[in-house]
Amino acid sequence: MLMRKVPGFVPASPWGLRLPQKFLFLLFLSGLVTLCFGALFLLPHSSRLKRLFLAPRTQQPGLEVVAEIAGHAPAREQEPPPNPAPAAPAPGEDDLSSRVSPRRRKGGLRRTRPTGPREEATAARGNSIPASRPGDEGVPFRFDFNAFRSRLRHPVLGTRADESQEPQSRVRAQREKIKEMMQFAWQSYKRYAMGKNELRPLTKDGYEGNMFGGLSGATVIDSLDTLYLMELKEEFQEAKAWVEESFHLNVEGEVAWPEWDLPRLSLSSSQQLSRQVLALLGAQPGIALLPSPRQGLGKEAKPSIYLECWKLQELCQSGEASLFEVNIRYIGGLLSAFYLTGEEVFRIKAIRLGEKLLPAFNTPTGIPKGVVSFKSGSWGWATAGSSSILAEFGSLHLEFLHLTELSGNQVFAEKVRNIRKVLRKIEKPFGLYPNFLSPVSGNWVQHHVSVGGLGDSFYEYLIKSWLMSGKTDMEAKNMYYEALEAIETYLLNVSPGGLTYIAEWRGGILDHKMGHLACFSGGMIALGAEDAKEEKRAHYRELAAQITKTCHESYARSDTKLGPEAFWFNSGREAVATQLSESYYILRPEVVESYMYLWRQTHNPIYREWGWEVVLALEKYCRTEAGFSGIQDVYSSNPNHDNKQQSFFLAETLKYLYLLFSEDDLLSLEDWVFNTEAHPLPVNHSDSSSRAWGRY
C-alpha cells in the first residue's frame, strides 16, 4: 500500500501494459471490430456471410418444401420433386385423367449460379434460389398442376362451334388464314434463323440484337403459346425441343457488337438529344445504351436518331439485358407455356431466369434499374443521375407473382410489392404518374406523362393485377381507377373532327399526339369497365370504343391501311403522322389487341371487319418471300421493308387476330389475363390463400 503513494508509480497491468497502452490497445480493437461488422452488413456482396449470423426466416406454413429466400441458412441439396407437374395434353386435347412425368433430355436445366469469384455477385443480397446439383433439373418445390387445371372454368382451347352453320364458315376460313400466316412466319424463322432472337426476312438470316444480355431464341419463347393455341402441334414440338436442348441460361459471355445499318450519331454531334433521352437510356455522358424498341426510341422506332456507343464500346458487349424485355418475353412466354402444358422444363427455366433478374432490384429504394448484367450477376449500386422507366418497373407484377406461385419463393412477390409501396407513398402531380423515377431517391425525375411508350403497360398491369388476383387485389384496383380519372381529366381530348385521343403531358403542356403504343388503351379501358363504379361503366365502355375508333382511323387514313408509329391532331390534320420518322410500322399489335377486347365485350361485327382489313394489309405489304417484315412508310403504296420479323408479331399480333376470329372461351377472359407480350397467365381461382396472392 505504501508503494501506491509514491509519486510517479504506476503498477503494470496483468498483460504487462501500462494504462495509456491499454487504452490505445482497446481503442484499436474496437475499431477493428467495428470495421469487420461494417463490412459484413454494409458491403453489397456480403449475403453469404450474413447467413452465419442472421437467423433464418420462418417458413410459410402449408408449403411442403420452400425455396430459400433472403436470410435463410444454406439449405441441403434437394432431390427432384417426387411428383412433378404432369404434362398437359397435346394441343387439341384436354384430358386431365392421366399423369405423365416429363421426360428428361440432355439439354435440361444447367446450373445457373456461377462458381468461383462470380458466385458472390450472383448471391448479392440473398436473392438467389438454391442451385440444383449437376444434372438435377428439379426445383425444390411441388406445384399441383392437375388441381390448377381443374379450377379453370373453361377448356383452355375452348369449345368448337357448329361447323355446319353458314355464318361460322367464313369466320373459320378467316381464322385458318391467320393460322397459315403464323405457320409461314414460324417456318421462315426456323429455316433461316432458328435459335437467333429474330428473323431478317430480306437477307434470310438471324438477328441477335442487344436487349437480351446474351439470351437467344426470343422468337421461339414468344411463339410457344401461339403455336399451342392454334394447334400447330408439330411446330410446337419443335419449339419445345429447342427450349429443352438449346435454351441455356448460363449467359456469361459477351453479346455480339451491334451490326449498325443506319447512320450513327455521337452524343457530341447530335443536338437533338435531350437530357430526358439520356435518362431514358440509363446513360451518363459519353455512354449511350440502346433502348427497347417498345419504348419508341430504338433502332426500329426512330431511324433518324440512332446513338453510337462511343468511348466505352465494351459496355455494349458486357451482357446487359433489359429487365423489362426479358421479363415480358422470356419469363412471360415460359410461364404461359407451363400453364398451358404442364411441362416442367418451362417452369424450371422461368424460375431460374427470374433469379437472374433479381440483382436489378439492388437499389436504395428497391425500384429496379432498367438493365441487369448477366455477365457479372449484379448491376451494382444505382447512380444518382439515372432513372427507371414507369412502364418497365411497373410491368413486372403479373410475372413475378406467378414466379412465387410456382417456386414457393416469396422474394419475387416481395420485390414487386415494394414497387407498389414506393408508388403509393410518392406524391403524384395531379394524380398523374410521370414516366421517369429515380431508383436512388425515389423521386420523379421530370414530369412527362404518357399512356403510350414509357408509361403504357404500368396502367395495363394495374387492372390486370386486380383481375388476375380473382378480384382481391384492392390496391391495384384503386390505383387503376384513380389513375384513369386523372388521365381523363388532364390528357383526354376530342379533336375538331370528333376523334377521341389521349395526349401526352409535359409539365402541364399537352402534345396533341397519340402513339401506336397508346392504342392498347381502348382494350384496357374496356377490360376494366365492368368493375368500375356502376355509374361509370357505360361511360368507360363508350370511351373504349371511341379511342379504338380513333386508332382505326390512323390505319384507314394511310395508303397501306396500316398505322404509323405516332399520329397527331393539329394544323387541321387528324390521326396522321406529320414526319417520316413517325410513319413506319413494325408489325405492332396494339390496335388489333383493342379490336379483340372490344369484340369480346360487344360482339359488334365492325371489330372483325377492321381486324380483317389488317390481315389483308399485312399480306399485301408486309409478307415477303421469307417471312413478314415491317415497313418504313405507311403512306407509300410501295413501301420499303425494314428487314425485321419482330418476335412480338408472332406472340401478339397474330395471336390477337386469331382470338378475334375465335370463340370467346378460347383462352377465356374469365380464366386468363394476357401480359403485355400477350402471354396468357391464369386468374387465381383458388379458394384458399395462395403463396402469391395470400396478402391481398
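Glycine residues also receive a Cβ, built from the backbone N, Cα and C atoms like all the rest.
Automatic prediction, not curation, is the source of TrEMBL annotations.
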Look at the disulfide annotations in TrEMBL and name the partner of Cys551 from this list: Cys519, Cys622.
Cys519
Any idea what the Cα distance is from Cys551 (disulfide bond) over to Glu565 (active site, proton donor), rounded to a whole Å?
11
C-alpha of Cys519 (disulfide bond) to C-alpha of Glu325 (active site, proton donor): distance in Å?
20
How big is the gap, in Å, between the Cα of Glu325 (active site, proton donor) and that of Glu565 (active site, proton donor), rounded to a whole number?
19
